[in-house]
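> Not my notes, these are from Swiss-Prot:
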- C67, C68, C133, C162: [4Fe-4S] cluster binding site (BINDING)
Amino acid sequence: MDYTLTRAEPDGDNERYPLQKQEIVADPLEQHVHRSVYLGKLERALHNAVNWGRGNSLWPYNFGLSCCYVEMTTSFTAVHDVARFGSEVIRASPRQADFMVVAGTPFTKMAPVIQRLYDQMLEPKWVISMGACANSGGMYDIYSVVQGVDKFLPVDVYIPGCPPRPEAYIQALLLLKESIGKERRPLSWVVGDQGVYRANMESERQRKHGERIAVTHLRTSDEI
């Protein structure tokens, strides 16, 4: 198998996966569906049923780059029991996985390999960026490390930390499940670039801003 190594441009546009430029393409029967109240309700029920199935059976791809991968695999132990969320079935092939967790440092030489693995995944597919290195390069501000995996992949959920705890990974699964529940994809048997509606999820920092500001008693390191 031949690989082509390409240099990631830190300040360049995401030309391969222009997520922000996606347009929603209407299904040919969409206008007829919305003319009927019954068919409109049926369409909404079908979307909810499909999204419920996708959100409760997320199969991760067994892939890791660095120490964050160890924290990810820890969540599969009996202590955390990630099987409660239907995400315990680790797939060894990207063609059988639903989402990829980029856990670790994305080196420039590894970027085209990660991109190729992402291309081999079938739709619908999602990406979780786990750890400071995957989010922004972390402490490796150097030419050999891509400063954020979102330079060459569309990322759905970011997990901060160096490294994040397994509980943070489980919270990311819940956020991804919530995001999937609000998605709208064409209910068609035709596979193609038909456009996908993704909900604009509020970041956890903004959502908990009022709660953080209201804190008056700061705990010491021994109390945490």
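In case you wondered, yes, glycine gets a Cβ from its N, Cα and C as well.
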> Report the same-chain neighbours of C68 ([4Fe-4S] cluster binding site): residues 6+ apart in sequence with Cβ closer than 8 Å to its Cβ, ordered by sequence.
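Looking at Cβ-Cβ distances below 8 Å from C68 ([4Fe-4S] cluster binding site), excluding near sequence neighbours, one finds A103, G104, M130, G131, C133, A134, P163, P164.
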> Of C67, C133, which of the binding-site residues has the most Cβ neighbours inside 10 Å?
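In terms of Cβ crowding, the pick is C133.
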> Near the [4Fe-4S] cluster site, what residues other than C67, C68, C133, C162 in the same chain have a C-beta no further than 8 Å from the centroid of the listed C-beta atoms?
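Neighbours within 8 Å of the Cβ centroid, excluding C67, C68, C133, C162: S66, E71, A103, G104, T105, M130, G131, A132, A134, G138, G161, P163, P164.
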> What count of other C-beta atoms do you get within 10 angstroms of the C-beta of C162 ([4Fe-4S] cluster binding site), across all chains shown?
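Result for C162 ([4Fe-4S] cluster binding site): 12 other Cβ atoms within 10 Å.
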> In terms of DSSP three-state secondary structure, what is the assignment for C133 ([4Fe-4S] cluster binding site)?
helix
